[in-house]
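Here is the structure we will look at, set down as structure tokens.
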Amino acid sequence: MGSRKKVHAFVRVRPTDDFAHEMIKYRDDNKTIDIHLKKDSRRGVVNNQQTDWSFKLDRVLHDASQDLVYETVAKDVVSQALNGFNGTIMCYGQTGAGKTYTMTGATESYKHRGILPRALQQVFKMIEERPTHAITVRVSYLEIYNESLFDLLSTLPYVGPSVTPMTIVENPQGVFIKGLSVHLTSQEEDAFSLLFEGETNRIIASHTMNKNSSRSHCIFTIYVEARSRTLSDEKYVTSKINLVDLAGSERLGKSRSEGRVLKEATYINKSLSFLEQAIIALGDQKRDHIPFRQCKLTHALKDSLGGNCNMVLVTNIYGEAAQLEETLSSLRFASRMKLVTTEPTVNEKYDAERMVRNLEKELALLKQELAIHDSLANRTLVNYDPMDEIQIAEINSQVRRYLEGTLEEIDIINLRQIQEVFNQFRVVLSQQEQEVESTLRRKYTLIDKNDYAAISAVQKAGLVDADGHLVGEPDGQGFGLGVAPFSTKPGKKSKSKKMFKEQLRPSTPPAKPVAFEDFKNERGSEINRIFKENKSILNERRKRASETTQRINAIKREIDMTKEALNLQKSLREKQGEYENKGLMIIDEEEFLLILKLKDLKKQYRTEYQDLRDLRAEIQYCQHLVDQCRHRLLTEFDIWYNESFFVPEDLQMAVKPGGSIRPGMMPLSKIVSLGEDDQDRFSQLQQTTLPEGPDSVSFYNAKVKMEQKHNYLKTMMGLQQAHRK
């Protein structure tokens with residue numbers, strides 16, 4: 001069990017020109033803040049009103065930069081997370097006091113980024129500094145709005161909205177949100193993209209204290225899993241970092257909120273009140289029951305509040321005299337939070353795969369011990385080891401000769417050999433199926449019977465016989481085999497394609513597969529050509545890599561056989577007696593030739609292996625180029641398809657280059673934008689900002705991608721609305 005420790009509480013004062021110097025004072029220890037309130041003369045001569053308060057916290061952050069705040073508040077919590085300790089950082093305070101700025105910062109500026117993006121950056125930087133560990137990072141983003149749970153990352157195309165509402169579930173491992181999507185991030189830029197995606201989905205509203213006030217509680221969670229690459233121990237550690245941005249408390253009489261904002265404020269104040277009740281109960285050592293389930297916020301943070309976690313609170317306050325009552329309330333909350341104790345412990349788990357490997361090692365040792373017992377007991381030699389590559393290759397050869405008829409039967413030796421014979425039958429069958437399919441694809445066109453769009457395109461192109469069926473026979477696997485009829489000669493466009501071109505505005509848009517073929521032959525012909533060339537190069541490199549691998553395997557088998565022959569020669573020499581001449585061992589010519597052959601084979605092996613490494617690097621680069629071309633081809637096709645078939649006819653000429661745009665219509669750059677302008681801006685940003693802060697590349701790169709995505713979605717929505725009108 002871990003040792004109990006107090007929650008760390010910090011206070012951050014929002015800068016203001018109207019700071020109440022007479023009412024708010026800081027002591028020299030930089031930890032104590034004193035509040036002085038003048039007595040209300042309207043209460044008369046007998047006035048027992050309290051006028052002075054003193055709050056001692058872990059540190060007072062006044063006029064502090066974002067860098068200093070992170071170094072003071074969050075750096076140690078994030079650092080310990082990679083060692084298996086859970087962490088929670090929470091921002092609390094009234095509306096407009098700077099909670100979201102402290103937690104998230106200004107996404108427009110890398111310098112003013114908050115705790116959350118800095119924590120992501122620190123996690124990935126620490127991963128780079130730990131090459132001896134395999135560390136995976138996952139993230140989720142939860143929003144609690146009006147006592148309802150929402151996934152801020154559900155707008156991603158591969159997630160989608162949940163059919164059933166999300167619920168909070170407890171199990172022996174802790175509290176988790178059922179239905180909340182968790183996303184694997186392999187690099188810093190991906191994590192920033194998920195953060196920016198979630199930030200755009202947060203619910204905000206205009207408020208008297210803040211025109212962009214957060215109207216919900218948000219919890220961004222970073223899940224870390226670290227495994228050792230060097231130790232064979234099956235234990236590994238996990239942890240999670242909860243970064244909580246609470247909605248601001250407010251006095252309804254002062255803010256005078258109405259309508260939806262009033263309803264939101266009621267829910268916010270209610271949940272914050274329940275949070276304070278849970279904190280008071282946690283600080284009271286005599287209390288047995290903690291009311292965590294009174295609201296969704298306290299229930300979701302049950303692990304963080306007084307549990308297995310390093311807990312940090314940042315209280316944001318105003319420094320103005322008009323906000324003194326709210327400041328006192330926030331500081332009281334921070335003082336109560338300092339009474340809460342947590343018990344952080346390392347979260348250790350056991351890797352089933354690594355445990356199996358360790359058991360296999362132990363099994364091998366037991367087999368060796370069993371072989372010794374068999375030898376001492378004069379038993380027949382029994383092979384307990386799995387078959388090696390040479391034995392498997394021999395069985396494969398026997399199976400092939402048996403199928404060809406050159407071998408009448410396969411001798412049965414033991415159960416392991418019987419199992420391998422059946423396995424090689426399966427391997428040979430699979431290889432034959434692949435060869436048949438490859439031969440058919442070279443000679444015929446294969447069409448999926450369930451792909452109705454492709455069948456429709458083939459029918460329009462005239463690739464059918466007189467009965468209206470595809471030429472050729474079905475192969476029994478859901479594909480049709482056929483060749484083009486003689487009437488369809490290369491170089492001539494089919495009638496259906498000509499009609500498709502002449503019909504500028506069809507009543508209904510053509511199927512995307514049909515339109516895609518036309519796009520590849522016309523507007524997208526150049527990128528399609530580049531895509532095919534890159535793919536051809538990639539396939540050629542893969543073929544060469546496969547051939548090199550086969551040569552390496554053949555050399556390895558020859559090395560093993562040469563080693564066996566050499567060992568046999570050595571054993572014969574030892575039995576016959578070794579001869580020396582002037583201290584040098586005398587060997588026969590055959591053994592000498594085997595040594596030279598082995599040396600030559602090892603040299604060939606190293607050369608081929610280096611070639612294989614180079615080919616793999618080329619394959620990785622070619623694959624990247626192919627993926628880029630494919631992505632650009634599909635992106636330009638989507639834009640061309642929407643521009644060609646969803647833009648109203650009266651806007652067709654206007655949206656073309658040089659056309660006139662009537663007031664209120666979407667500019668052409670918004671319709672056909674592929675993000676080149678954003679890319680130019682990013683290039684300029686690299687020349688100006690990045691030299692001063694090279695670590696900001698991932699931050700700005702993710703921001704540019706997010707802006708491109710939202711510009712595209714905004715453009716499509718505008719076009720659809722214009723089409724309806």
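For all residues, glycine too, the Cβ spot is worked out from N, Cα and C.
When the ranges 482-509, 538-565, 678-705 are checked against TrEMBL, the one recorded as coiled coil is 538-565. Between the stretches 69-96, 349-376, TrEMBL puts its coiled coil entry on 349-376.
For the domain 'Kinesin motor' (6-340), the predicted model reports an average pLDDT of 84. For Gln94 (ATP binding site), the Cβ neighbour count at a 10 Å cut-off comes to 25, with all displayed protein chains included.
Highest Cβ count within 10 Å among the binding-site residues Gly93, Gly96: Gly93. Of the listed binding-site residues Thr95, Thr100, the Cβ environment within 10 Å is emptiest of other Cβ atoms at Thr95. Summary for the binding-site residues Ala97, Gly98: the Cβ-based neighbour count within 10 Å is maximal at Ala97.
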